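Q: Straight from Swiss-Prot, here's the annotation block:
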- Cys334: active site, proton donor (ACT_SITE)
- Gly231, Glu265, Pro266, Gly267, Arg268, Tyr362: pyridoxal 5'-phosphate binding site (BINDING)
- Arg268, Arg304, Tyr308, Glu335, Tyr362: substrate binding site (BINDING)
- Lys52: N6-(pyridoxal phosphate)lysine (MOD_RES)
Amino acid sequence: MTLFCEQVPYPRLAEAFGTPLYVYSQSALTEAFEHYQTAFAELSPLVCYAVKANGNLSIIKHFASLGSGFDIVSGGELARVLAAGGDAAKTIFSGVGKSEAEIEFALNAGVKCFNMESIPEIDRIQKVAARLGKTASVSLRVNPDVDAKTHPYISTGLKANKFGIAYADALEAYRHAAQQPNLKIIGIDCHIGSQLTDLSPLVEACERILILVDALAAEGIVLEHLDLGGGVGIVYQDEDVPDLGAYAQAVQKLIGTRRLKLILEPGRSLVGNAGALLTRVEFVKYGEEKNFVMVDAAMNDLMRPALYDAYHHIEAVEPKNIAPLTANIVGPICETGDFLGKDRTIACEEGDLLLIRSAGAYGASMASNYNARNRAAEVLVDGNEYRLIRRRETLEQQMANELACL
């Protein structure tokens, strides 16, 4: 049976736009966002989509139409939010290395809040705000030293990580921020990692942060919001992912009677399973020790398998009644690490379409031009309709900034 995205068969999309091709389901995006709104309804959260997961303008625009706020980590991401019609007043500026130019851009745009991550950043935002004659609304990202139990590259809440202000130093950092005339402290933030499959670290982080909220209140620093970041995982293979309803109930119980607005910053859990990467088999190569299915997608299109040894389910779009083989599914890039799946049993042959699932997050957003390969096109499907939301890059576009310098 042929695979479909909503009501559109994948072969139709391949014929119209070629491969490799990122394909997103609009209904899946909507359902994921509304799942957060429903689960946390009692707390009336501001759900801020983490743009780093997938910064396509049409995806940002769709979330904006649903009432989403946005979590950004660069001036470029802010520019994307604004270009797509997102609301700066519902945008949180996170990130460990904000430049003065980025801070100025964000202040002039009117972002809701800066999540500050160090004493030098506090001083820098004060300096820029004073120069502009503005007041910057700020919170501090506090590192609660909680083990997120995830891949070390995407764990962000331990003492050894570069993110946030150490828990033991947080009170003093808040005192320092409170002395700055052009800063208005409105919140506290934590984010302990990505692709979390266990609820307990999220709850533990919330508990530790609320202890700090109370200590700050005792010193007269009363906060308006609690930002718990993102991190909730999705199913790539057979993971047990946290139940949002249970998470919401735990957070509500912990907040209790405190008058705190809740902010959440999901990324992967909004877009990850809404997208897939469509690719075509170039060759099937049989070897003495290993077989290989060579496809036209590669690590420059989807970096996660090579970077994290991440698993993505891969299946034939139009299954055939032929003998399956066990093989590594690999791209044409000149790296041994250019693989999309290892030791997969699949029935396919030259020219067949394969679908790489759960590629909506950290797929296109991490793509590159390695080996001078053009970045893939992207398509958004809505029912039986579909539209191109990113044209396939051309070699002329890829070389434009260099040709001008010859």
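The backbone N, Cα and C atoms fix where each Cβ goes, glycine too.
Context for these features, please: burial, neighbours, distances.
A: DSSP assigns Cys334 (active site, proton donor) to coil in the three-state reduction, outside any helix or strand. Counting only same-chain residues at least 6 apart in sequence, those with a Cβ under 8 Å from the Cβ of Cys334 (active site, proton donor) are Asn371.
There are 25 other Cβ atoms within 10 Å of the Cβ belonging to Pro266 (pyridoxal 5'-phosphate binding site).
Under the three-state DSSP scheme, Tyr308 (substrate binding site) falls in the helix class. Counting every protein chain shown, 15 other Cβ atoms lie within 10 Å of the Cβ of Tyr308 (substrate binding site).
Applying an 8 A CB threshold to same-chain residues 6+ apart, the list for Lys52 (N6-(pyridoxal phosphate)lysine) reads Asp71, Ile72, Val73, Glu77, Gly267, Tyr362, Ser365.
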Q: Cα distance, Arg268 (pyridoxal 5'-phosphate binding site) to Glu335 (substrate binding site), nearest Å?
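A: On Cα coordinates alone, these residues lie 27 Å apart.
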Q: Quick check: which same-chain residues outside Gly231, Glu265, Pro266, Gly267, Arg268, Tyr362 lie with their CB within 8 A of the centre of the pyridoxal 5'-phosphate site CB atoms?
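A: The answer, listed by sequence position, is Ala50, Lys52, Ala53, Ser194, Gly230, Val232, Ser269, Leu270, Ala361.
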Q: Quick check for the class: what is the C-alpha distance, in angstrom and rounded, between Arg304 (substrate binding site) and Glu265 (pyridoxal 5'-phosphate binding site)?
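A: Between the alpha carbons of Arg304 (substrate binding site) and Glu265 (pyridoxal 5'-phosphate binding site) there are 21 Å.
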Q: Once the chains shown are all counted, how many other Cβ atoms turn up within 10 Å of the Cβ of Gly267 (pyridoxal 5'-phosphate binding site)?
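A: So the Cβ neighbour count for Gly267 (pyridoxal 5'-phosphate binding site) comes to 23.
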Q: Look at each of the binding-site residues, Arg268, Arg304, and point out the one with the fewest other Cβ atoms around it within 10 Å.
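A: Each of the binding-site residues Arg268, Arg304 was scored by Cβ atoms within 10 Å; lowest is Arg304.
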Q: For the binding-site residues Glu265, Glu335, which one has its C-beta crowded by the most other C-beta atoms within 10 angstroms?
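A: Answer returned by the neighbour count: Glu265.
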